[in-house]
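Novice: Attaching a single structure in structure tokens format; questions to follow.
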């Protein structure tokens, strides 16, 4: 009898050890599932790019915004997902020695006002009211689709703003201001209305860090060109145009973005380091406490690129129709019968590099360790209840 009790205790101890080991394995699987859950599950990217300044001497603010616009388009975000707001038309300004151009580099090396620029809000349309309406979706029904931010709860949104500001405010066209409280409340409305998944806010203005101090909504990451009490300085004066071409912070951010491609694994921590005080003169700042993910795990392309990897080309492609594919028999009584085979135009496209989309994560299922742990628990309860002498009835 004593031997049977000893064997029963030993079996119970063994089952308990197995249960703990299997439980730890199950816990590790659950942690992996949780990590996958907190990855950005966005399905689309949007950009709202805003220049709030008028007049020729603010040429650099328009160039800032158009440079960011050029970068996000190059990385795959289409015009249909970009809301571009320019408070003044520098390309057609009478003082512009090169009409229909806006340059961001010295000696007129890079024209950021190309043939395909689509400005959604221009001149006096760029107001605090219109900006807040775009963010919150409170716009008249007659507003065209191109002027709407049609985001949802799976959208990652980049919001870039540049202009003149101060401690807790940003000026719009020297006639009105938006405060950091109004901006924070607008972002909260967006969160409550499920208009974004994650939001990246970048502002290039004097005392820019004051604009994100009042943020309180989740999943927001913010960057600014200067701390409270600091000015954000301009860069690259051009004697031919007579004004500075860009601001320092945006200039170095754009230099950084020029090295990014749609398949890049560069993360947000790298973006935080692009403009040290030795280059910017001001002290750039960032805020990540509201953001759920670690910035080192957030790719630059999660905000600046397209979810669907695309390759942009300016080459004109002439697609040839295959005569064999085009052959199809039409019924006498049906005039619009579909072709027998689809045209395989994709094979003719000059794809330089195929960028594979990450496979979709499988639906959650109980990990293997969980099942093993459950069996160990059943065995331990059996030993406790009946003892080892009943094992012969099982086997």
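Just so you know, glycine gets a Cβ as well, placed from its N, Cα and C.
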Novice: Looking at the candidate ranges 213-218, 219-224, 225-230, 231-236, report the one that Swiss-Prot labels region 'Autoinhibitory loop'.
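Specialist: Within the set 213-218, 219-224, 225-230, 231-236, Swiss-Prot attaches region 'Autoinhibitory loop' to 231-236.
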Novice: Would you identify the secondary structure of residue 234 (protein binding site) according to DSSP, in three states?
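Specialist: DSSP assigns residue 234 (protein binding site) to strand.
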Novice: When you put residue 280 (disulfide bond) at the centre and draw a 10 Å sphere around its Cα, which of the recorded positions 82, 164, 206, 234 have their Cα inside it?
Specialist: 234
Novice: State, in Å as a whole number, the widest CA to CA span among the protein-binding residues 206, 232, 234 given in the record.
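Specialist: Largest pairwise Cα separation, rounded: 11 Å.
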Novice: I need the neighbours of the protein site defined by 206, 232, 234. Which other residues of that chain put their C-beta within 8 angstroms of the C-beta centroid, in sequence order?
Specialist: 204, 205, 225, 226, 231, 233, 247, 248, 249, 282
Novice: With every protein chain in view, what's the tally of Cβ atoms within 10 Å of the Cβ of residue 118 (Ca(2+) binding site), excluding that atom itself?
Specialist: 13
Novice: Listed recorded positions are 79, 82, 118, 120, 164, 275; which of them have CA atoms within 10 A of the CA of residue 232 (protein binding site)?
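Specialist: Neighbours among recorded positions, in sequence order: 164.
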